[in-house]
Structure formats: C-alpha cells, structure tokens
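First comes the structure, then the notes that go with it.
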Amino acid sequence: MKFVGAHVSASGGVDNAPLNAMAIGAKAFAVFAKNQRQWVAKPLEEKTIEAFKKNLETAGILPKHVLPHDSYLINLGHPEEEKLEKSRAAFIDELERCNQLGLDKLNFHPGSHLVKIPKKDPEYHEKLMEAELHCLDVIAESMNLAIEATKGSDVKLVIENTAGQGTNLGYKFEHLAHLIEKVEDKSRVGVCLDTCHTFTAGYDLRTREAYDETMDAFERIVGFEYLMGMHINDSKPKLGSRVDRHASLGQGEIGWDAFCFIMNDPRMDDIPLILETIDESLWPEEIKALYALVKK
C-alpha cells in the first residue's frame, strides 16, 4: 500500500502539521522539525509534543509515515571547522526533536564541499574527485558523531539524493553508498530518493526501460533495504542538467509515466511518498491523481 502526502506547513507550531496533512487528504507528510532558516530554536514544549502526537492520531497517520526534513543551513561536510561544528550541533538537536515527537526518521541533504575549482584547470577532474571524496568522509564522520550523540534514540538519518547543483554531493548513487559504508551503525541510516533530483542528476525515469535501469542501478549500488522515503516531484530542467527546480506533476520534463511506475512498484510500499511540487493548491488533486494510477 502507498502512503502519499506533501511537505506541509508547521506555521503556528509543529503540532499543526498533522492537521494540515489531513486537510489535503494525505496519508503521510514531511515537515521541518524547526524553522529551516534559523540555527537555534527554543526547545519543544511538552504541550506541543502531546498535541503533535494527538493530532497525528486524529489524522490517522502513523509516525513511520512522517519524514521530517532538517534545516537548509546545515552542511555536514562544511570545510570550515567552526561552521562544521555549528552544523553538527544543529543536526543533533534536530534528531533529538524528532525523537521527542515520536518520529523515527530525519531527512537531510548530505552536504557541499564548497571548493572552487576553475573548469579550465587541467587537473579539474582529479581535484573535483579529491574534494568530493574528502567531503563525503567529513559527512560520514558527522553522521557517526550524530548517531553516537543520540545513542538512546532510533531516529534514522535519511540521506536525500541531490541534483548535484553547485558543489552539492549526493547526486550519484555511489555517494549514498559511500556514506552508508562509512556509517558504523547501519540500523540508523536510510535513503530518500527525490524524483526531480534523480532525473536532473542524469538517471532517467520516463520509460519502463529507463525506470527499470535506474532502479536496478539503485538496488545494485545502494540497496532497496535502505529506501525509507521518496520525494515525488516533476522537474523543470532537463535530464542530467544538474539543476534543482521542481515542477507540478505532469507539468515538467519527467511526466506521468514515471509516477505510474512508482505507484505500482511494491518496493515503494509502506514508506512516505512526499510531494514537494511548487503549487500547494494542487496538492489535494495531485494526491488523488497519484492514487488513481494504482492498478487494481
């Protein structure tokens, strides 16, 4: 069975998120655990935690179908020590917030190496590979430190694949596999596949053959046992453009066939499938449209 929803607002308090999800007919949702544009937030109050859990029950949504997202400020691979420490502390705080809310996942973008290498440098590819590998190791170290700091918790660190825009890592399945390999406690790690990011990173999804090829590569390199959520987005940019711009379903370069393949793929059962499409007013329709694709 599929559990589709969207990244809903936590305006007025995170406890409102389940009700916002219910209002659009969602069976899953994503939410920012705290304000995504601030480093520090006041601790969660007990009444907020209780209200969140109560509203989750009211909405009929299970904690495992909630996919919280961390702050966009966090870069677990930051090359500057001070900013890296700040990112690590904020990430640990968000893991603790998820645990307080009774949730078992925290979705995050791996990080960016921020190294500027001129394209015309004759050693461009060697220097790029070196910068990426070093950054991946720093991210893995950040993950291990975060897991160690939250030992009593079972919140999983869910790595999101990226479009590879700028110096963002996570645009190759090999990046995800590298991080998983370096994480000591593999019971605390997972992956979220974003369809727009997958497509603009160069993995096609538009035909049956292309979809199967991409998912076979994911299984071979990462493994479906690590898939803990998906972001369901169409893409404004073309295949392999390495640009991250979401589009409403059927209004981008990916098209409906790919979403039909996902909705009929048993490997995507029982995980949150989250819309992050650009027009929130279409979310109720998009959720219905996705369920309508399921072949009886």
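The chain as shown is numbered from 1 upward.
Just so it is clear, glycine is given a Cβ too, placed from its N, Cα and C backbone atoms.
Worth saying up front: this structure is predicted, and the values here are computed from it rather than measured.
For reference, Swiss-Prot has these:
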{"type": "BINDING", "residues": "His69, His109, Glu160", "note": "Zn(2+) 1 binding site"}
{"type": "BINDING", "residues": "Glu160, Asp194, His231, Glu276", "note": "Zn(2+) 2 binding site"}
{"type": "BINDING", "residues": "His197, Asp244, His246", "note": "Zn(2+) 3 binding site"}
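If you take the CA of Glu160 (Zn(2+) 1 binding site) and look 10 A around it, the binding-site residues you hit from Asp194, His246, Glu276 are Asp194. Shown are the binding-site residues Glu160, Asp194, Asp244, Glu276; the one with the most C-beta atoms within 10 angstroms of its own C-beta is Asp194.
For the recorded site, His231 (Zn(2+) 2 binding site), the DSSP three-state label reads strand.
The separation of His246 (Zn(2+) 3 binding site) from Glu276 (Zn(2+) 2 binding site), Cα to Cα, is 7 Å. Cα separation, His231 (Zn(2+) 2 binding site) to His197 (Zn(2+) 3 binding site), rounded: 9 Å. For the pair His109 (Zn(2+) 1 binding site) and Asp194 (Zn(2+) 2 binding site), the C-alpha distance works out to 11 angstrom. Here His246 (Zn(2+) 3 binding site) is positioned 17 angstrom away from His69 (Zn(2+) 1 binding site), judged by their C-alpha atoms. In the three-state DSSP scheme, His197 (Zn(2+) 3 binding site) is classed as helix. Sequence-distant contacts of His197 (Zn(2+) 3 binding site), defined by Cβ-Cβ distance under 8 angstroms and a gap of at least six in the same chain, are Glu160, Asn161, Thr162, Ala163, Gly170, Tyr171, His231, Asp244. If you take the Cα of Asp194 (Zn(2+) 2 binding site) and the Cα of His246 (Zn(2+) 3 binding site), they are about 10 angstrom apart, rounded to a whole number.
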